[in-house]
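Features reported for this protein in Swiss-Prot:
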BINDING   169, 170, 171, 172, 173, 174, 175, 176  ATP binding site
SITE      362  site 'Required for activity'
């Protein structure tokens with residue numbers, strides 16, 4: 001059988017017609033220097049600020065410095081395998097993280113990858129980690145309470161949904177414990193919580209996760225962790241990843257509580273990156289834009305207007321002080337950005353006042369309008385009582401011959417301090433807080449020995465639960481105080497059954 005030339009030419013023509021040449025154009029650069037989590041790359045002339053790039057070993061990086069001859073890239077992973085001369089590809093994507101309901105109950109790193117060993121997170125939705133904060137007209141003033149379950153905070157320094165409240169203090173003063181209690185108290189409150197651990201020890205993060213799991217709080221919490229062993233770029237990105245996950249819920253009309261533990265370590269990581277990228281250092285060697293680093297993060301916490309779905313993000317950023325110095329650079333920056341601060345003092349902590357909140361230096365600038373009416377009424381004089389007690393306490397150490405009014409103030413102050421103490425991981429419903437503070441401010445505790453106050457409190461709650469549940473339910477439902485005579489009858493009824501210790 002002979003093959004005809006025409007057949008061959010027809011076959012060749014068909015093959016040529018069917019041939020599709022898929023040309024893939026890639027923007028590729030070359031690593032000219034690498035080390036300490038930073039790579040300088042030549043040849044990525046069209047790279048965008050904040051764009052993700054991919055190294056030849058699959059590790060991702062983020063473009064930070066766009067210079068004339070090279071691009072400064074922070075490496076988001078191990079950099080020991082990256083060598084000079086390696087190829088770097090542009091991805092054309094800005095840094096994004098996965099978002100959505102599927103993340104609830106999971107522990108992820110700042111790139112949104114799971115680190116809890118429970119398999120992949122099945123969500124296709126992502127959001128860019130840098131996005132503009134809601135504008136002025138998209139917001140509404142803070143008016144709904146966020147109950148932390150901590151008497152000292154809910155009474156003296158109330159927090160509203162959509163507020164930014166700084167928690168500031170030295171190391172080992174109970175900052176994390178305050179935030180964990182606030183998360184535990186959001187059970188059945190229709191709140192989603194995001195806990196962002198920045199530069200914490202892995203064992204500490206594990207402890208926090210176990211506490212949340214034990215109390216059933218992991219059912220509504222996302223944990224984002226960039227531990228101390230992670231590269232600095234991941235510590236810098238962690239808070240932005242956390243707030244991005246929270247924004248997805250806020251824009252869908254939900255309420256979110258975000259805890260940043262803590263921003264001092266993020267600022268230190270950002271300082272490290274900036275110095276390695278050869279940006280000019282400023283005060284305490286921080287770069288000039290360290291204020292913007294925190295302001296653009298915390299401005300994304302907001303209470304949205306009804307037209308935008310009325311969702312909210314409440315932010316509890318932490319800042320660690322050195323020897324109680326709240327006038328240092330990062331503390332003053334964050335104090336000026338937030339709507340108030342809760343100052344935890346080591347002297348109080350070691351003297352047994354826990355939570356160790358200094359009522360004089362702590363303030364909530366917008367939370368007062370979010371307090372329920374009942375709490376407003378019973379906590380009105382508390383701050384003054386405490387302040388005058390602290391003043392007189394120092395004075396009373398020198399002289400014993402005190403007049404009756406001064407002695408009464410000291411007695412009331414000692415009982416106030418005792419009532420505001422609270423055990424770890426035992427947040428208290430707001431109606432019970434109101435009940436004990438009512439008894440305190442109306443003078444029903446003045447004849448109870450200070451040593452018996454904690455026992456009195458516990459037995460009082462049990463008595464109310466058994467005999468006057470209607471009073472507690474009334475406060476919880478309406479937010480108002482019951483009639484004075486009803487409350488008076490309940491307290492006096494309990495006091496008749498209470499036996500002080502000898």
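Every residue, even glycine, has its Cβ placed from backbone N, Cα and C.
From a predicted model like this one, the values you see are computed outputs, not experimental measurements.
Recorded features from Swiss-Prot, shown on the structure.
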residue	record	DSSP (3 states)
169	ATP binding site	strand
174	ATP binding site	coil
362	site 'Required for activity'	coil
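The Cβ of residue 172 (ATP binding site) lies under 8 Å from the Cβ of 346, 349, each of which sits 6+ residues away along the same chain.
Sitting within 8 Å of the Cβ centre of 169, 170, 171, 172, 173, 174, 175, 176, and not among those site residues for ATP, are the Cβ atoms of 320, 344, 346, 349. Comparing Cβ neighbour counts within 10 Å across the binding-site residues 169, 174, the minimum falls on 174.
Remark: of the binding-site residues 173, 176, the most isolated position is 176 (fewest other Cβ atoms within 10 Å of its Cβ). Residue 362 (site 'Required for activity') is 14 Å away from residue 175 (ATP binding site) when you measure Cα to Cα.
Of all the binding-site residues in the record (169, 170, 174, 176), the one with the smallest CA separation from residue 362 (site 'Required for activity') is 169. In sequence order, 320, 321, 322, 323, 324, 344, 346 make up the list of same-chain residues 6 or more apart from residue 170 (ATP binding site) whose Cβ falls under 8 Å from its Cβ. In this view, residue 362 (site 'Required for activity') is surrounded by 22 other Cβ atoms within 10 Å of its Cβ, with every protein chain counted. Of all the binding-site residues listed here (171, 175), the one with the fewest other CB atoms within 10 A of its own CB is 171.
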